[in-house]
Amino acid sequence: MLIKIPSRSDCSESEVTSETLYLSRRRLLGASFAGLALASGLPRLGFADEQRYAGVESVPAPGWFAEKLPQTRWQAVNVQGEAITPFKDATHYNNFYEFGPNKGDPAENASALKAEPWSVVIDGEVGKPGTYALEDFVKPYQLEERIYRLRCVEAWSMVIPWLGFPLADLLKRVEPNGQAKFVRFETLQRPEQMVGQRSGFSVIDWPYMEGLRMDEAMHPLAILAVGMYGRLLPNQNGAPLRLVVPWKYGFKSIKSIVRISLVREQPKTTWESIAANEYGFYANVNPQVDHPRWSQARERRLPSGLFSPNVRDTQMFNGYGSEVASLYSGMDLRKYY
């Protein structure tokens, strides 16, 4: 079923911006990855409907992706003051610490990742556990284009047109039992292809882990994405399969997923394990709850430069409050951040 997202949550694909300002993330991950850098180059992408967006390169797609595109449900719903971030900027300003700590590292290093073949393990409190080849994993679902805001915890944001399907559709198919209260996600651990996982300076205990409460995972806005900008996901953006939860800070939208587990207890997520006072389990976008070292009241919508700042007020739940606020009814969102 096509989810019709209200206009205040949608963005027009006809408006395009670019981004030039790079902001280094906090120094928590520390030292340089110099000497470990891999050969640069964009990963294999897919022929699709990339002519809808400027500057999108064309590279042949795997058969399963090409077969699904003709039935894709494309969206283009206008909202005042929003603009889609250009493809090049969205693919060259990333946090993906498996490939390095700096914003340009994923685009430079992620070409080393071999995203084919790929399999996903489904386990835990489900009636249909198993290990699925990606093409079989995606086969039952019709792709939809979802134009979502992406708000990073670092107080910058983008607008990205994703291609994917509702996470809820997958969860229903694997038949969670009554003990399933949370969903835990796990990123690939393959240090021979992910330079960041080889660094002795990283504070991350690989593999990267994330989690959602079951009702959050079942919400129709939460999707599993396999593409963006009318084509296959680039490696640096989480190929071949990533989570997108638009009302939460970007680190919740885990990339390069290899395992989805339905569990009884709230999972301990990666950033929560590193600094729970800075990165809570819920991580809902909230302008009233600051990061300990910076304000969350405003954000830089990329592009944004010293002499041409593109700064705007941050919206509660990233502008999706009318859809998701009821999930947190009665909760103290200053405590459960």
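Note that Cβ sites are derived from N, Cα and C of the backbone, with glycine treated the same way.
For reference, Swiss-Prot has these:
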BINDING   Asn94, Tyr97, Glu98, Cys152, Thr187, Asn237, Arg242, Ser253, Ile254, Lys255  Mo-molybdopterin binding site
SIGNAL    1-48  signal peptide
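Locations of recorded Swiss-Prot features on the structure.
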residue	record	contacts (Cβ under 8 Å, 6+ apart)
Asn94	Mo-molybdopterin binding site	Lys103, Pro106, Ala107, Gln236, Asn237
Glu98	Mo-molybdopterin binding site	Thr187, Leu188, Met194, Val195, Gly196, Gln197, Trp206, Tyr208, Lys255, Ser256
Arg242	Mo-molybdopterin binding site	Leu224, Ala225, Leu233, Ser253, Ile254, Lys255, Ser256, Ile257
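When the Cα positions of Asn94, Tyr97, Glu98, Cys152, Thr187, Asn237, Arg242, Ser253, Ile254, Lys255 are compared pair by pair, the longest gap among these Mo-molybdopterin-binding residues is 19 Å. DSSP assigns Arg242 (Mo-molybdopterin binding site) to a strand. Secondary structure at Thr187 (Mo-molybdopterin binding site), taken from DSSP and collapsed to helix, strand or coil, is strand. In the three-state DSSP scheme, Asn94 (Mo-molybdopterin binding site) is classed as coil.
The 10 Å shell around the Cβ of Thr187 (Mo-molybdopterin binding site) contains 24 further Cβ atoms across the protein chains shown. There are 25 other CB atoms within 10 A of the CB of Ile254 (Mo-molybdopterin binding site), with all protein chains counted.
Annotation note: Ile254 (Mo-molybdopterin binding site) sits in a coil segment as assigned by DSSP.
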